[in-house]
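Asker: Sharing a structure here in structure tokens format.
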Amino acid sequence: MAIKDWHEDDRPREKLLKFGAAHLSDAEILAIFLRTGTQSQSAIELARHLIEQFGSLAELLAAPQETVLACHGIGPAKYAQILASLEMGRRYLDSQLKTGQGLGRSQMVKDYISTQLRGEPREVFAVLCLDNALNLINFEILFTGGISSCSVCIKHVLRHALSHAASQLIIAHNHPHTDAKPSTADNLLTYELKKACDLIDLSLIDHVIVGRNETLSYAENSLPPFN
């Protein structure tokens with residue numbers, strides 16, 4: 001049965017407008033962006049199949065272009081719609097952080113960093129430069145490593161922060177193929193960078209790790225040196 005023949009309260013778009021986004025499944029949200037299915041599948045059936053194939057909506061959004069385009073029912077137009085939805089979310093979060101509206105909420109910071117780093121095939125290290133009011137001045141990936149490690153130069157991080165006149169920093173990196181649990185090397189880098197920042201009156205306020213399926217904040221979890 002085509003979606004247009006469903007009861008109004010079950011159609012994704014009508015359900016979204018009537019009950020709100022929280023009442024929609026990942027497949028229903030994705031179906032709204034896909035708009036149409038295939039000859040044998042409705043948009044929701046196609047969305048469910050894609051999510052099952054990749055394991056989650058997050059995994060689908062992080063997958064390489066060629067992998068998604070190889071899926072039955074996904075052509076350049078549908079893939080462009082998926083990318084546009086992801087970019088719209090990124091830009092919304094970016095605008096929130098640049099006006100200081102989101103940095104008082106750790107979830108907003110984690111969401112922003114997650115959208116920036118999830119999908120990177122290699123480990124990368126990024127820095128968010130902030131002013132005294134927690135407005136985002138600059139976000140930049142400073143270092144790119146291999147599949148499971150990334151070398152970081154603390155002096156370069158400090159020079160980068162000073163060049164943007166930052167008074168506060170959040171650092172972030174990803175674990176592209178594992179969970180977000182900090183490694184011993186992660187903890188040591190955080191401690192050394194915090195100590196270096198303190199020497200020049202620069203506040204390191206968090207270290208965020210984006211894992212394969214979750215995001216961890218040192219500050220939110222009171223991990224050293226933020227305990």
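Residue positions begin at 1 at the first shown residue.
The backbone N, Cα and C atoms fix where each Cβ goes, glycine too.
From Swiss-Prot, here are the annotated features:
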- HIS173, HIS175, ASP186: Zn(2+) binding site (BINDING)
- 102-224: domain 'MPN' (DOMAIN)
- 173-186: motif 'JAMM motif' (MOTIF)
Asker: Give the three-state DSSP assignment (helix, strand or coil) for HIS175 (Zn(2+) binding site).
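Answerer: HIS175 (Zn(2+) binding site) sits in coil per DSSP, no helix or strand.
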Asker: My understanding is the cutoff is Cβ-Cβ under 8 Å with a sequence separation of 6 or more in the same chain; which residues meet that for HIS175 (Zn(2+) binding site)?
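Answerer: Correct list: GLU123, SER148, LYS181, ILE209, VAL210, GLY211, ARG212.
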Asker: In this structure, which of the binding-site residues HIS173, ASP186 has the fewest other Cβ atoms within 10 Å of its Cβ?
Answerer: ASP186
Asker: For the domain 'MPN' (102-224), DSSP counts of helix, strand and coil?
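Answerer: Within the domain 'MPN' (102-224) the tally stands at 38 helix, 34 strand, 51 coil.
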